[in-house]
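Here the structure comes first, spelled out in structure tokens, and everything after it is commentary.
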Amino acid sequence: MRLKVLVDLPRHSRLDPLLDYLAPEAWPAGTLVRVPLGRREVCGIVWGPGDEAASPDGEGAAVALREIAQVLDALPPLGEAWRRLAAFAAGYYQRSLGEVALGALPPDLRELDATQLARRLRRSDKLDRDAAKAAASPSADPAVAAPLPEPSAEQREVLAQLAAMPPGPVLLFGATGSGKTEVYLREAARVLEAGGQVLVLVPEINLTPQLEARFAARFPGRRLVSLHSGLTPAQRLQGWLAAHLGRADLVLGTRMAIFAPLPRLGLIVIDEEHDPSYKQQEGARYSARDLAVWRGRSEGVPVLLGSATPSLESWHNALPAAEGGAGRYRRLDMPARIGGGALPRVRTVDLARIAAQFGKRAVYSQPLAPPLVDAMRERLERGEQSLVLLNRRGYAPVLHCTSCGWKSDCAHCSAWRVFHRSDRTLRCHHCGFSERVPFACPSCGDPDLQPMGRGTERLEEQIAELLPGARIGRIDADTTRHKGSLESQLAQVHDGEIDVLVGTQMVAKGHDFRRMTLVAAVQADAALFSSDFRAPERLFALLMQAGGRAGRDAELAGRSEIWLQTWHAAHPLYAALRRHDYPAFAAAQLLERESAAMPPYAFQALLRAEARSQQAACAFLDAVSAATLDWPEAAEVLIFPPVPAPIQRVADVERAQMLLEASSRQALHRLLARWQPVLAEAAAGTGEARILRWALDVDPLSI
Ligand SMILES: Nc1ncnc2c1ncn2[C@@H]1O[C@H](COP(=O)(O)OP(=O)(O)OP(=O)(O)O)[C@@H](O)[C@H]1O
Ligand SMILES: [Zn+2]
């Protein structure tokens, strides 16, 4: 008989990834198999019965049907719900089903044959038995686990509401430190009790160990696995198998975990749902948050989205129709911090006033205004910590020549190379091109090369001058390159070995710094005037999150402060921030978005193209646009003219992009559904005009 088998074909193959194969019996859909494909043998998934009716002399009959080589039936088939999710994701994000479904399997699994799989499963059985034994051992007796905290009034109210609600997406809007995690734990307990599996997504791998520890401590008898890209392939396979076989009760992971097969799924939690890292930025550019909502609906399971600063999309979805929202999610609020701690006071340093008072040099040559330095010195004297945020690593973003004006541009990108003082290199953060800093200007020979602007390295150095005696630490992508270095640096902060921590946004998320009573953002203004319409939203979230690091100790909360240095002290974003008023900020932003017809009031897709020349990239986009314009499907879609990408050239490749916008998701998708052949055709130029790569990004986060 014939079976349809899903395989992962090369990207631009014109073949349907669902191929017919011969099989001696009707293996159920979702069964893993190995099939011959060309001269290789690859992993495939049985997707359903084959085309028995296909006439022997019809299309494709020229190729004799081949037989399924091996059936990996030691593994239970991937369930219907999982297959639906993969199919939806492929359709929605416009990728091939084979790529999405097979790409969602652990890479190691795709390589195994039936014998290896059987061996692997035996080993996995043993590991699972050991884990179960360890969980049941007296030292892990739930009776000796820490006593549960009594829920706060707000938590009680939220839990009661959740219990009374039909399953569906719920936005848990809770201030930083309001005890959202405790709500997740209680909801998880309820679901585990009823025999369900719980999926918890976090934005970053760095945050998984903390959360894992909390869940493990709360559910000592339960099997918990994590799924993220930091695992070895063997660990990833082991965790995936535990999820799929229904042995794992809790699955904790980053965005990739949204594709974990969970036969008893009972709850999905998305922590910090606003975080941009839920969106995959290559290949199938899916949003794990959006897929979670879809998966919850599809499987009739509640989805809990938590944040102190929800994405405007989620906020809009949770706003009742009567208030102009979409009314798709329920919303539950927890405005108060646990222990009644106050939220940190927000203080803006008006740089214009500082310049008038202390002179312009005080503003341009010093990273921190005098009142901020005083406030940090006070912390130092009291033995408290400060965090200074600057979203730019390196010593200075550009090095320049004082006599001829030469700047450290990258030979391969339309970008500056960043001056890194620690190893005296000029490094391009886009293509990686790196060279020793020249002794003299490459253009005129003058040895006086000067840094322009400031990155974290320089900030660290300048703070050391401003606060003599302070122990200063720095955490950014450069200091945490080696495995384990982030952990050890964070431990130093926790152990009080550091007085001032300088860092990029990677330190602003999730960490619980007990002695930190001051957070300062030294260059926040750029986001106010960015061409990226989401920049203010991200800035607000970053500052609230960072502020959430301060004063988590209720005792210290009273003197916790967020400091902002700005030239625009009266800006409404800062005004809302001073009041910790996310709803007001969101309302203002939504009003702007609505009048400009931008998301969440419009739906977008971005077509990116890469070619040897900008002209070729744009010609491709123009050709696609011209071929599409008179389609009925294009009537409700605005197709913008192609433009160079924000960073036009990276690693000698020119990049351009074209935006599509529609007022309804359906209208946009009707067009996209017909688009692929047009794209493939337009891309098939030759020579200079050949497109190197193109990619479609549905619901892009940055444009
Ligand atoms: N009901 C409670 N009683 C006592 N302590 C609690 C309670 N709920 C939470 N906590 C504690 O309060 C602190 C903050 O709670 P939690 O981490 O759950 O907040 P959160 O809203 O998830 O914070 P954030 O979003 O800032 O990470 C934690 O140390 C937690 O253990
Ligand atoms: Zn470069």
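Positions of Cβ are set from backbone N, Cα and C atoms, glycine also.
Per TrEMBL, the listed range annotated as region 'Disordered' is 124-151 (candidates: 40-67, 124-151, 292-319, 544-571).
Secondary structure at CYS428 (Zn(2+) 2 binding site), as computed by DSSP, is coil. Listed binding-site residues: CYS404, CYS410, CYS444; maximum Cβ neighbour count within 10 Å falls on CYS410. Residues THR402, SER403, GLY405, TRP406, ALA440, PRO442, SER443, GLY445, ASP446 surround the recorded Zn(2+) 1 site, their Cβ atoms falling within 8 Å of the Cβ centroid of CYS401, CYS404, CYS441, CYS444, which are themselves excluded. Residues CYS410, CYS413, CYS428, CYS431 make up the record's Zn(2+) 2 site, and a Cβ search at 8 Å around their centroid adds ALA411, HIS412, ALA415, ARG417, HIS429, HIS430, GLY432, PHE433, VAL650, ALA651 from the same chain. CYS404 (Zn(2+) 1 binding site) sits 26 Å from CYS431 (Zn(2+) 2 binding site), taking the CA atoms of both as reference points. Using a 10 Å Cβ-Cβ cutoff, CYS413 (Zn(2+) 2 binding site) registers 21 neighbours. DSSP classifies CYS444 (Zn(2+) 1 binding site) as coil under the three-state reduction. Straight-line distance linking the Cα atoms of CYS413 (Zn(2+) 2 binding site) and CYS441 (Zn(2+) 1 binding site), rounded to a whole number, equals 20 Å. If you measure from the Cα atom of CYS428 (Zn(2+) 2 binding site) to that of CYS441 (Zn(2+) 1 binding site), you get 18 Å.
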